[in-house]
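Asks: For reference, TrEMBL lists these features for the protein:
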{"type": "DOMAIN", "residues": "124-239", "note": "domain 'RyR/IP3R Homology associated'"}
{"type": "TRANSMEM", "residues": "578-598", "note": "transmembrane segment"}
{"type": "DOMAIN", "residues": "608-885", "note": "domain 'Ryanodine Receptor TM 4-6'"}
{"type": "REGION", "residues": "621-641", "note": "region 'Disordered'"}
{"type": "REGION", "residues": "657-701", "note": "region 'Disordered'"}
{"type": "COMPBIAS", "residues": "670-694", "note": "compositional bias 'Basic and acidic residues'"}
{"type": "TRANSMEM", "residues": "772-790", "note": "transmembrane segment"}
{"type": "REGION", "residues": "819-839", "note": "region 'Disordered'"}
{"type": "COMPBIAS", "residues": "823-836", "note": "compositional bias 'Gly residues'"}
{"type": "TRANSMEM", "residues": "860-879", "note": "transmembrane segment"}
{"type": "DOMAIN", "residues": "1009-1155", "note": "domain 'Ion transport'"}
{"type": "TRANSMEM", "residues": "1047-1069", "note": "transmembrane segment"}
{"type": "TRANSMEM", "residues": "1123-1146", "note": "transmembrane segment"}
Amino acid sequence: MAAAQKLMEQEMEKQKLLFHQARLADRGVAEMVLLHISACKGVPSEMVMKTLQLGIAVLRGGNLDIQMGMLNHLKDKKDVGFFTSIAGLMNSCSVLDLDAFERNTKAEGLGVGSEGAAGEKNMHDAEFTCTLFRFIQLTCEGHNLDWQNYLRTQAGNTTTVNVVICTVDYLLRLQESIMDFYWHYSSKELIDPAGKANFFKAIGVASQVFNTLSEVIQGPCTQNQQALAHSRLWDAVGGFLFLFSHMQDKLSKHSSQVDLLKELLNLQKDMITMMLSMLEGNVVNGTIGKQMVDTLVESASNVELILKYFDMFLKLKDLTSSPSFMEIDINNEGWVYPKDFKEKMEQQKSYTPEEIEFMLACCETNHDGKIDYIGFTDRFHEPAKEIGFNLAVLLTNLSEHMPNEPRLAKFLDTAGSVLNYFQLFLGRIEILGGSKRIERVYFEIKESNIEQWEKPQIKESKRAFFYSIVTEGGDKEKLEAFVNFCEDAIFEMQHASGLMAVDEGSVAGSGKARKQAYHYMSVDDEEKNVNPIRRGWQGLKDGIRFTLSCLSPTNIKQKINEMQQMSFPQLVLGFFKLFFYAFYYSNYSVYLVLRYFARILMSLMRGPAIEEAAQEVKEVEKSPMRSFPALPPPPDEGGKAMEAFNIDINKEEGGQYKMVPHETSPGKQTSEEGGGREMSQEGEGGDEHARAESEMPDPSVTLADLLGGEVARKEAAQTAEVVAQQQAVMAAMEAEHKQESTSTEPSAFSQIDFNGYTHKALSFLARNFYNLKYVALVLAFCINFILLFYKVTTLGEDGEDGDDISSSIETLAEQLGAVGDDLSGGGSGEESGGGSGEEDPIELVHVDQNFFYMAHVMRLMALLHSLASLAMLVAYYHLKVPLAIFKREKEIARRLEFDGLYIAEQPEDDDIKSHWDRLVISAKSFPVNYWDKFAKKKVRQKYSETYDFDSISNLLGMEKTSFSAQEEEESSGIISFILNIDWRYQVWKAGVTITDNAFLYSLWYFTFSVMGNFNNFFFAAHLLDVAVGFKTLRTILQSVTHNGKQLVLTVMLLTIIVYIYTVIAFNFFRKFYVQEEDEVVDKKCHDMMTCFVFHLYKGVRAGGGIGDEIEPPDGDDYEVYRIIFDITFFFFVIVILLAIIQGLIIDAFGELRDQLESVKEDMESNCFICGIGKDYFDKVPHGFDTHVQQEHNLANYMFFLMHLINKPDTEYTGQETYVWNMYQQRCWDFFPVGDCFRKQYEEDLGGGGS
C-alpha cells in the first residue's frame, strides 16, 4: 500500500535524524550552541548565523531530549547572557526602511547610485532574522511547556528577559514598516520588481514570526497566552488585517502580482493559525476571547472585506462546475468569453454587480479574447478554501465560546455564506483536556473521506460493530472497541480510496478531463494525422470510447441529475431538440449509406480510370561543386606530391614546384569513384560520370595554394580545418541521436502498461463489488427459473416411441452437451424396448422441444454467472482481505507491545490462532498493512531491560543494530526474485486468508458456479445467497448458529438416547421390526447398524415416535413393555429433546431480534460517547439530535483519528498532541465519559443550550 510505504519512509527518516542528533548531542554540540550565542553579546555576525543553523539542525523535528538538555544547562548555569543576547539580536534585526528605499531609487534613476539596486539595502539580514526566530521556535517545538515558560521568565536568574514580548515588539515594528510600503504603492497600479522584492522579504520574516508565536503558546501555555493578550499583539493583528483586506484586492487584478498575492495569503494563514492558538483551551466568556472580539470589531470593515473576498472565490467552483456553465464550454476546452462568463454569474444570482465587475477585472484574456476559467478557478479557489476554513474555525470557536456577545452577530451574518460552505467539512469533537475540563476541538474533514464513509463496505462494517458492541461491556471496553473500529474503518477507507482511485488529470468539479484548446501538435500527432489508416483507426477507437463513456453509469447518473435541475420549459425544449437531432442524424446516416453505395455503382459503371502516361522527370545534373568534408591540412613534407587538374605538383628543396602529368592507378580511381560521388551510375552514363569524377581536382588542394603562396595556403587550411571540425561534430551528434532513438525506443509490447490496466480492472471490480453480488443473484434466479422447464425422458420406456426417441437423441445431446456414457447402448428402440429389465433404463434430462432455445440461454447465463462469481472473488480478495490482514497484524502488534505475548507469556496449547501468528513475527516484512512499521522496535526497547536482548531480536527477526549499515544490493532475475520473497509472511497470509469465513464463502460460491457449468442443478445452491445477502434474512441463519455449541451438544444427546433405545429394541423387540410386503420379508432390526439408522430416520421424524413405524403390540406378551418403550421414546425424544432443539433456535432468534431492538433503542436514547440520556438534552428542542450529530458525532471522532494519523506530528496543535499521546498509550481518558461541554457550562450557555 502506497500510503503505508510513505509513512514507513517518513518514520525511517525521523529515526535516522534522531540518531544523528543524539550523536551530536553526546559530543556537547547543544551546549556549544548555547555558549556561542551567549558569547556574541547580541551582536550579529557570520559566526552567530552558523551557530543558529547548527542549533536548528540538532533541534529539527522537536527533539525532546536535546530541548531538555539545553534547558537544564541554562537552568544549572543560570546563563543570563543567552537571553540578553537573544533580545539584543532581535533588536538588531532590521525592518523595511521606506526612506532608504526612496533614496536608493532616486539615486539609481539618476545613475549615481553606487550601492546597487533599491531593494538590496532593505532588510539585508532577512535570512538571519528568519534563522533566529526559527531557532526560538524549535526550542519549544512539540509544545514543550517548560521551554515555553522559560522563554517568558527565567526564575532564579538575576536578569529576566521576556523573549515572548520581544518577539511581539519586533512584529509590531515589521508590520508598521510593511504598512509604509503599502501606502507608498497604494496610488500605483502595479508594484515594481524592487518593491516586490522588499515585500517578499518582509512577508517571509513576518510569517516566521507568527509561526514562532504559535509554537510558544500552543499546548496550551496559558501564561504565555495571557502575556500576549496583554501585549501590543492586537495592534499588529489589526494592522495586518488592514493590509490583507486592501492588498489582496489590489494584487488580484494583475497576473504579474500573483506570486506576491500567494505569499500574502500564506502570511494570512499563519496569522489566523496564531489566533486559533490563542484560543486553545478557551473557556466560555474568557478574557482572550473578549480581546479578540474587540480587535475584530475595531477592524470590522477589513474583516468584512476579507470575508467578502473569500466568499466570492469559494462560490466560483460551484459556478464553473455547474451543468449550466458547461453549456458555454461544450468542447471542454477550458476557455470561455468574458461576456458568457459574466452572463453565467448573473444567472447564478449569487454575485452582486460590483462582485461581478471585480471578478472580471481579475480575469485575463488570451489573444482570442477568451478566459482560462480553469486556471482562474485553481488560482483563487484553493487559497480561499484553505484560509477561509481557518477563518470559519475562528468565528465558530468565538461564537460557541462567546454565546452572549452581540457584536459577533454582525460577523456571523457576513460570514454566513462562508460558514455554510464549510459546514460539512468542519469537524468538531469534545475531549477531556489535561486540565480536566471539557474542550472543543475543531479540524478539517476531507471531502473524499466523507464520500468513503458512505460507501457500502463501510456501512456494513459500521452496522456489524454496533450490533456486536453496543450492548456488551462497560464504558472502557466499549470505547476501546470503538477505537479499534475506527482504526479498521480508517484503513478500509484509505485502502478503498487507493484501490478505487480514478485517473489523475480530471478537473475538480467537472469529473472529466478537459483538453486545452491551444496547443502545438507533437511529432506523433502529426504522424497520426498524416497516416490515413492510423487516423481512421484512431477515429474508430475514439468513437467507441465516446459511445461507451456516454452509456457509462456515471454519465447517465450525471445527466439524470442535470435533468432534475431543469425547469419544465427546459425539459420541453430538450425533448424537441432530442426529437429533431434524432430525426436529422438518422436521415443523415441513411444519406451517407446511400451515397456510399451510389459511388460504388458509379465507379462500376464508369469502369477503371484511364491511366495517363507518366512523364519522365529529368534530374538536373548536379554541379560538381558540392561541398566535401574538409580534411586536415597536410604536413609540410618536401617530397610529398600534390595533384590538381590532372597534374602532379612536387615541391623541391629550393622551394620551387615541378609539374608533371598525373598517372592514375586503377585502385585509386575506383576508390575515388566510390567515395567521391553519391549519384547512381548505370551503363555508359555511369562510366562517363566516373571519368568526370576522376578528373575532379582534389579538394584538399585549393587554388589559393597554387596562386597565393604559403600564407594563403595556411589560412585556407585553417578555415578548412574549422569547417571539418564543425561537420564532424554535427555528424557525430546526428549519429548519436539516431543511436539513442533506436536504442531507447521500446517495443510495442513493452509500451503496454499492464499495471495500469490491472489497477483499472481492480478499481472497477472494487467499486462494483456489491453490484456484482446482486447481478450474480439475479442470474442465479434466472437460471433456476429455466431449470423449471427441464424434464426427464426415459429411453426405451415405450416400444412404439422407441424410434422417435432414438431419432431425437442426437438433437437432445446437442442441446445439453452430453447425455451419458452408455447412450450408444440404449440408442436403439428395439434393444431398449425388448430388454429383459435387468438393466436400469437410460434417463435423459433435457428441455422440452418447444423450449429448445433455453438450453443455449442456460449455457450463456451459466458462463456469465461464473464470470461474475470470479469477479466477486477477486474483488473481495482485494477489497476485504487486506482489512482482515490489517486487523490480524494490529492484534499481533498490540499483544506483543502491551501484553508481552511470546516474551513475557506464552499462548495456551489449544490457542491455534496464536501459535499460527508466531510464524509471522519473525518475518522481515511484518507488519505490511498495519501503519506502525516500528512496532517490533518498540517491543524490543520495552522488554530488552527485563529479557535477553538477543533472544528478543531472534524472536522478532530483527538485526542486532538499530540501523543496518549496509544495504542489500538490488539484483535481477527470477532466482533473486524468488529469494527476495518473504515466504514466511506469505504462508501466514495464506493461512489467514483461507480461514476468513467470507472469503471461503466467496470461494465456494465460485466453485459451485463452475460446477454448475457441468451440471446446472448446482446453481440451486446459489439461491441461499438471498439469506446471506439481506440482513433481515441473515438473522434467521444467525439464529441457528448463535447457540451453536448448545445445539450440537443437544443433538449429540439426542443421538445417544436414540442409540440406547436401539440397543433395547435390538435385544427385546426385534420381532416388531419385521415388515412383509409382496411376500418379501424386510427385517429392520436384525443388525445393530440397520436398527440404529432406522430409529434415527423413522423414529425421530415420526410424530408419535418409533411406535408409529413398527407393528403394534396388541395381544403380545411384551405389550406392557412395548407401551412403556413407545411412550418413553415419545416423551424423551419427541417431546423433550426435539422441543429443546427447536427452543434453542427460537430463543436465539428472539435474542438476536431483541439485541437489534436494544441497539436501536440505545442509540436513540443515550449518547454513545458520554452516555448521557436523551432526557437531559431535550430540555431544548431537538437538543439530543443536535448533540449526537454535531458535538459527539461518532463519525467525527473517527475522522479526527484519521486527521491525526495523516498529519505530521510537528504540526499538531496542543490538543492534538495531547490526544495523540493518550492514544499511543492506549489510554481513553480523553473521551468525555459522563460529561459534555454543554453540561459543564450549563449556566453560561443558558440551561443546556449551546
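Heads up, the Cβ atoms here are built off N, Cα and C, so glycines get one too.
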Asks: In the same chain, which residue numbers or ranges, 6 or more beyond the ends of the transmembrane segment (578-598), come under 8 angstroms Cβ to Cβ?
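Replies: Hits for the transmembrane segment (578-598): none.
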Asks: Mind checking how the domain 'RyR/IP3R Homology associated' (124-239) divides into helix, strand and coil residues in DSSP?
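Replies: Counts, helix then strand then coil: 85 helix, 0 strand, 31 coil.
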Asks: Could you tell me what the rest of the chain brings near the transmembrane segment (860-879), counting residues at least six beyond its ends with Cβ under 8 Å?
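Replies: 457, 495-496, 499, 762, 765-766, 768-769, 772-773, 775-776, 779-780, 782-783, 786, 993, 998-999, 1002-1003, 1005-1006, 1009-1010, 1012-1013, 1016, 1019, 1022.
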Asks: Sort out the residues at least 6 away from either end of the transmembrane segment (1123-1146), same chain, that have Cβ-Cβ distances under 8 Å to it, and list them.
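Replies: Non-local partners: 1039-1040, 1043, 1046-1047, 1050-1051, 1053-1054, 1057-1058, 1061, 1064-1065, 1069, 1099-1100, 1102-1107, 1113.
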Asks: Along the domain 'Ion transport' (1009-1155), what average pLDDT does this model show?
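Replies: That stretch averages a pLDDT of 86.
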Asks: What are the DSSP helix, strand and coil residue counts for the domain 'Ion transport' (1009-1155)?
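Replies: Counting residues by DSSP class gives 111 helix, 8 strand, 28 coil.
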